[in-house]
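What follows is a short report on a single structure.
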Amino acid sequence: MAAPRVFPLSCAVQQYAWGKMGYNSEVARLLASSDPLAQIAEDKPYAELWMGTHPRGDAKIFDNGISQKTLGQWIAENQDSLGSKVKDTFNGNLPFLFKVLSVETPLSIQAHPNKELAEKLHLQAPQHYPDANHKPEMAIALTPFQGLCGFRPVEEIVTFLKKVPEFQFLIGDEAATHLKQTMSHDSQAVASALQSCFSHLMKSEKKVVAEQLNLLVKRISQQVAAGNNMEDIFGELLLQLHQQYPGDIGCFAIYFLNLLNLKPGEAMFLEANVPHAYLKGDCVECMACSDNTVRAGLTPKFIDVPTLCEMLSYTPSSSKDRLFLPTRSQEDPYLSIYDPPVPDFAIMKMEVPGSVTEYKVLALDSASILLVVQGTVIASTPTTQTPIPLQRGGVLFIGANESVSLKLTEPKDLLIFRACCLL
């Protein structure tokens, strides 16, 4: 009998401190639904579910017909399951890590280097940059999701410089004036002025940052107490960030970066060198396999200011332009494809109404990982002997060129995400 090429996975949960607690976390709810033996602790954070072969969370295989115990081991011995192009392009490795994130408190403001810079940084400082790969990533909201992403239009930054004197103080009059003067100039002049302003902020002395932040927090708190609305300078968000990261330079970044409020199904794509931070909510995320992160604030960890200021993409764009839109499949009315401009990964979203009794997941020339977010199905393939029951939180590995038939076992809508590589 041929070895199975479609099988369920048991995936790693990461309990980082910023995660949502207990059953407030979508990660915990998915885990509890898919594993009846899972013990969810209400006083512990459930931050990330990892679906892939990353050494710090290689998915486990419990199929008795498979001798390998993890997905990484299995792929190493079943290279053709990746798909011929994927295998050759990515040296026999699964090129992506698929995740669910449940964010309670903001993650650090960060950017990820492109391939060329990653190789250089890894060579120079492997203790901070553990590999030589780039790390593009994409987040698709499962619940209302808030994040910072990319530099705002210059007009908006200039407005904040006028309305927030503490922000202007840290940037300095010269850099701020220069930015105002370049508003009507070409993109290169704008980028240069923006880099100068951001670098001034990032290179400010900690003591001065803390003083200015305290002044701003005091001013906003007094205005809010007096019943005034401070949302024109994101008063509530600033107070919240300061409470979580007192004195942190990242609190001022909200005046530089777009604030995105994603509705379920909306996405943002974070290409190399784009500053970003996840603030709160639940999402599915897919990324290239890398741990390289250059931090900019909202963190107690190492901040490499010179590298950060040098590498960032200083191209302003509106928050609307930062949304990444899926394309609807022509052949399948229930399928949307989020296909970013990188070779490492794509995400497919399948929303199947409960009135449908059977749904076919089409074969791809790529290994893929499928996550059930809503609904209950029984999966079968032409090559599997035993059908595989999957419910909410269930994760299925699908080898290249394998199709899967999903039988809906109850008349409830089905929501599935599938990470793959569309070369």
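Heads up, the Cβ atoms here are built off N, Cα and C, so glycines get one too.
Feature annotation from Swiss-Prot assigns active site to ARG295. ARG295 (active site): 21 other CB atoms within 10 A of its CB, across all protein chains.
For GLN110 (Zn(2+) binding site), the count of additional Cβ atoms within 10 Å of its Cβ stands at 24 [all protein chains shown]. What Swiss-Prot lists as Zn(2+) binding site is GLN110, HIS112, GLU137, HIS276, and the listing cites similarity to another entry.
Residues or ranges marked as N-acetylalanine by Swiss-Prot: ALA2.
Annotation note: SER102 (phosphoserine) sits in a strand segment as assigned by DSSP. The C-beta environment of SER102 (phosphoserine), restricted to residues of the same chain at least 6 apart in sequence and closer than 8 Å, consists of GLY19, LYS20, ASN24, SER25, GLU26, VAL27, ALA28, TYR46, ALA47, GLU48, ASP282. The phosphoserine feature in Swiss-Prot is assigned to SER102 (among others); the stated evidence is similarity to another entry.
DSSP assigns SER108 (phosphoserine) to coil, not to a helix or a strand. If you look up Swiss-Prot, you'll see SER108 (among others) marked as phosphoserine.
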Legend entry - Shell of the Zn(2+) site beyond GLN110, HIS112, GLU137, HIS276, same chain only (C-beta within 8 angstroms of their C-beta centre): ALA111, LYS135, LEU270, VAL274, PRO275, THR293
Legend entry - Rounded to the nearest Å - Cα separation of GLU137 (Zn(2+) binding site) and SER108 (phosphoserine): 15
Legend entry - Inter-residue Cα distance where the pair is ARG295 (active site) and HIS276 (Zn(2+) binding site), in Å: 10
Inset, instruction - Can you figure out which of SER108, GLN110, HIS112 (the recorded positions) comes closest in space to ARG295 (active site), comparing Cα atoms? - result: GLN110
